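Engineer: I have a structure here, written as structure tokens, and I will follow up with some questions on it.
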């Protein structure tokens, strides 16, 4: 083993240098990069001689900070009487051999002096340090330090530079820099201080713990790890604590399952017979907690079975991946119900607190219930950390290594999904429980369960401006809401009946990722932009399922072409068709659509001809009558043999041909009427639209005053006119509001002026009367 490898192994064994996950190809370059800022060196000298460096820069950003750290290390090395190097040798990396020589000498000196180190020296360092921070208690601290330090020396002389202790009692942290430990935990001490507090590392986390809560581990009890190896006897640079970490996973999993079972048996099951809560409230509070509890016990047993095999045959990652579908179903369901449970806890906090305390819980009982119901979320977050720690101490060639990596990704994804679902359900509960501004129709609570909800950006018609909306999907209707200006509530923006709608994907068009549009007979063209692909797929799936249901009349279109056909005005009060009405199938328009279908009865042919003659007379007066007639004749009818014979007559065919010509002429002239008509009808859009190939020449004035001629299709022109009408209405509304405010201000000003004039007049009269009384 060359000197560079020896130094790396030594630093890792002392815990001052993080163990690399991969094999080191060039130990010298690894050492240069690791030691350059001086942080590792300061930790090293503090580990070998506690208190040598009181303060150093943990995150050096400049060259001066790095040089200062290196100088602090060299000052500590001066007491060891070893040859030191120049700080620039390390920072520049030029004479790195001198740095290696110094580190080797430090290692040799500390090994030789370890068994001969006097207690008085260490205690004097500690006492001096204490006297600086607390001069009044320096004497007492020195005496106690002498007694405690002698025991510390005995513990550190146990064949290793690393002090390893085992917890005798449970300790729960009260500050962020403290370390929570359970009885039996193995702790690697990183710093020994006076006052009864030591710093140590447990499961990758470093913090302070009381020294009288632990005991020293003898050499025979220590786990096989780099920190238990003396000197340079271990060649591999990637030693780990795989067995210790795995055992910690098993222990914490057992404890977690035990806590869930205790909460279920002691509190939740007796709560079901409590009369203070209704059955619905108890169900909302419990959710699927019992299923989660049962699943965790199954998981605990499965992990124990995996750990019984030899280490090179462990399949912890494979076990977790096989149970991942159950993880998702259990925890997603629990997260979806948790906002409802919190709502019950808030509404019945007094009753639940009294119940918990009657069951033996310490005061406040509601806090224990709230904390325990949140433990599944905290445990889900810990899975990622535990698996990352296990993977860190696992060889790349281990058969379970790839599964561990996949499990880490799966748990991260699940954790993100659970967080998003909780936020979404919490927002959903807020909307359902609070009044909605400008709401129309029946109460939102009567619409049933919310199938899906998310925040999206929408575009109406041909308008390019995007508006933020919250879409809530129910079984029969899609509700659109917007947030109030101060985010204090929600404003009703309309509803879209599911029946009669068409959903078209637009994600295949470049620039329209996660985008779809909604059209239909009672729906204005609405383009929906989702925030992410997951919401996009969920919307398509749920809308597709409802539209293709037995009561629906449309299908999901996956074409990404310009969908301009069959666009009608959006109405917030539009009603879906009745159950007995025929389905309205949207087809491309052509002149063949105008050909009349045969009547159901032969006798209806004569009545049909009479009605047609009357309609032809009326059509010259009002084209609207003809449009209504065309709209009613969309229903398909099945021909019969008798009808076929009647239709074969020459007179009937000639009359039908004349009627068809009249209708075709009417529809052809619709283009001229739409382009040069007096005005656009207010609340309706033509039911029969000409093909997109027919264009109109529109004269448009830009904002800069420039007038241009632009060619637009009939559909685009109609929607552009509709948008202009809507903007004019909004502008008119704003002008009315401004006018009302102006009138109100004028009235207030008039009242103020009158009041001031009145006061002035009274003052003048008072002064004149006083002068009159003074005169003789």
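Backbone N, Cα and C define each Cβ position, glycine as well.
In case it's useful when we look at the structure, here is the feature table from Swiss-Prot:
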- 121-151: compositional bias 'Polar residues' (COMPBIAS)
- 160-219: domain 'SH3' (DOMAIN)
- 241-421: domain 'DH' (DOMAIN)
- 443-548: domain 'PH' (DOMAIN)
- 126: phosphoserine (MOD_RES)
- 133: phosphothreonine (MOD_RES)
- 144: phosphoserine (MOD_RES)
- 150: phosphoserine (MOD_RES)
- 225: phosphoserine (MOD_RES)
- 488: phosphoserine (MOD_RES)
- 640: phosphoserine (MOD_RES)
- 684: phosphoserine (MOD_RES)
- 115-151: region 'Disordered' (REGION)
- 561-581: region 'Disordered' (REGION)
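I would like each feature placed in context: is it buried or exposed, what are its neighbours, and how far apart are things?
Structural biologist: Under 8 Å, Cβ to Cβ, and six or more positions away along its own chain, residue 488 (phosphoserine) finds no residue. Reduced to three states, the DSSP call for residue 488 (phosphoserine) is coil.
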Engineer: Could you tell me the mean pLDDT the prediction assigns to the domain 'DH' (241-421)?
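Structural biologist: Computed over the domain 'DH' (241-421), the mean pLDDT is 88 on the 0 to 100 scale.
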Engineer: What are the helix, strand and coil residue counts for the domain 'PH' (443-548) according to DSSP?
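Structural biologist: DSSP classes over the domain 'PH' (443-548) add up to 19 helix, 50 strand, 37 coil.
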Engineer: Quick one: DSSP breakdown of the domain 'SH3' (160-219) into helix, strand and coil?
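Structural biologist: Going by DSSP assignments, the domain 'SH3' (160-219) contains 4 helix, 30 strand, 26 coil.
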